[in-house]
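Presented below is the structure to which this report refers.
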Amino acid sequence: MKPKRFALTPGEPAGIGPDLCLLLATQPQPYPLIAITSRDLLTQRAAQLGVAVSLLDVTPETLPDQPAPAGSLYVWHTPLAAPVETGVLNKANAAFVLQTLTRAGQGCLDGLFSGMITAPVHKGVINDGGIAFSGHTEFLAELTHTEQVVMMLATGDLRVALVTTHLPLREVADAITADRLERVTRILHADLVNKFGIAHPRILVCGLNPHAGESGHLGREEIDIIEPTLERLRSEGLDLRGPLPADTLFTPKYLEHCDAVLAMYHDQGLPVLKYKGFGAAVNVTLGLPIIRTSVDHGTALDLAGSANIDTGSLRVALQTAYQMAETHS
């Protein structure tokens, strides 16, 4: 069996991603963890934080089989395009951010890594740098030639997956088609089985409209699209309940009897999850041929370099990736 090792991308270099990597390196890890970033950036940020971390250089040809000792971090050096001023965005480094993601993602495809864990990027500055970018999820789908991926966040026993992700609200209803809903539901079900080890996943499905459309008086998407699609999938044996009004679904009566929730759009499902577990939640991309988890927060430019940050979400992202790799092996 191939040794398990994992890639870690710090994301936006001016944000807290480098800080998280360094603080994490002070704790022992069960598997080799390779930060794909600039060695100079980590050296600079460690000095700002007052953290003593030994940086151990590796290349694709010299990847380790054993975890680094606590207080050490493996680094696959990736050069910056411009010096980093902590807390200050610089569009000149947009391509650098994407290069780290490409190295990690391609490394997973090539079998160098068992999975990748990503710290937050800043979508705006990447686009300002002249590169069209809507998020990790979409970028990795393109890199891996995956037609459909699913964004899921989890904290504790609550998992919330999304039918649509980063769309303006006015475009959401048109994006919810029977084909998309069926593909997303199948991916969610399959990955709950294959990557999370849940033999018979129970999935609750939100309606799109208030009161799940109120029998068509507040919208017909539930009647025309959602219910017929769910019924077709139920006939194949999938355990699906819904469409349910979101404000009813997200109550203990329902959540106690499900393994995942499928929400129709970003701000329908994620506020509840983040209220329950912000700082202790993980973002998982389902449907990829690789394992990818991420933190549940942003770049926190104002906290970068201060050591006043919580590594909780990154630790959960790491633990989730480890567990998924163990289940999937």
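Note that Cβ sites are derived from N, Cα and C of the backbone, with glycine treated the same way.
As recorded in Swiss-Prot:
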- His136, Thr137, Lys274, Asn283, Arg292: substrate binding site (BINDING)
- His166, His211, His266: divalent metal cation binding site (BINDING)
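In sequence order, Ser134, Gly135, Thr137, Glu138, His266 constitute the residues six or more apart from His166 (divalent metal cation binding site) in its chain with CB-CB distances below 8 Å.
The maximum pairwise C-alpha distance among His136, Thr137, Lys274, Asn283, Arg292, the residues recorded as binding substrate, is 19 Å. Sequence-distant contacts of Asn283 (substrate binding site), defined as residues of its own chain at least six apart whose C-beta falls under 8 angstroms from its C-beta, comprise His136, Met151, Met152, Leu153, Thr293, Ser294, Val295, Asp296, Ala317. Note on the binding-site residues His136, His211: the fewest other CB atoms within 10 A surround the CB of His211. Counting every protein chain shown, 16 other Cβ atoms lie within 10 Å of the Cβ of Lys274 (substrate binding site). In this structure, the CA atom of Lys274 (substrate binding site) is 22 Å away from the CA atom of His211 (divalent metal cation binding site). Just so you know, the Cβ of Thr137 (substrate binding site) picks up 22 other Cβ atoms within 10 Å once every protein chain is counted. Within its own chain, Arg292 (substrate binding site) has Gly105, Cys108, Gly115, Met116, Ile117, Thr118, His136, Leu140, Val284, Thr285, Ala321 as residues 6 or more apart in sequence whose C-beta sits under 8 angstroms from its own. Under DSSP, His266 (divalent metal cation binding site) is assigned to a helix (H, G or I) in the three-state scheme. In the three-state DSSP reading, His166 (divalent metal cation binding site) counts as coil.
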